[in-house]
């Protein structure tokens, strides 16, 4: 590939096209070029891609992987002109980010090398492009595997899914520092013996070491407390959502889950006013238990007929 002049470059055009095809798989794709007028313009080019966590890795508390791709123009072979890194975040310890970036970069370079070798064997020019689609497909397929490249940073706990069911979940944490008490104590003891007695080794560990262990202990306790609070909040939210869905099902089935509506003070007063305006209703017709004998009734008409006779 070699160095390129500040003119239209097929590899840059291919990169732009590849980024457009990745919109469905990645979010926040951004490309940064060198300043115009630079001897190697438009290189180096930096591309930032955010790969969301696939459903197969839903048990991990990592929402996405932020990839940083760098393209240069100083080497003849395409695989020597690329670099890949992963951003370290609150959910992504630097040790894991470094391991993932190194693994993906190695695989990416191998794929570019295979393409170049195949083109050489066929006696045709090497195609333009950077095989980004294959790289992102690999990240999505191996998402959970990549997160476990540093086993010391993977911590398991019991959590809940969206429906409130208990299941195993995994979070990435900083690796615990190995206990150094035994080594320091032995070194202190050796110094004591070599110093002509000194109370049989100087009494073991020093105050500084004990303070460090105490700080580490309380830091771990604080982390566990915060994690327990987070899990409880998730459980409470899941329980509330489950109750809401149950109420919606009952309401859809026609069950009155809300009960009679409580009238406001204004509505109660209006109701009383309507009742007062109606007054006491007087019956104009008799009940079925006896015949109405008032004026205009059937009995009155019969009496008139009899009297006329």
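Backbone N, Cα and C define each Cβ position, glycine as well.
Just so you know, TrEMBL annotations never went through curation; they're auto-generated.
Check TrEMBL against the ranges 223-250, 251-278 and you find coiled coil recorded for 223-250. Of the listed segments 138-179, 180-221, TrEMBL assigns region 'Disordered' to 180-221.
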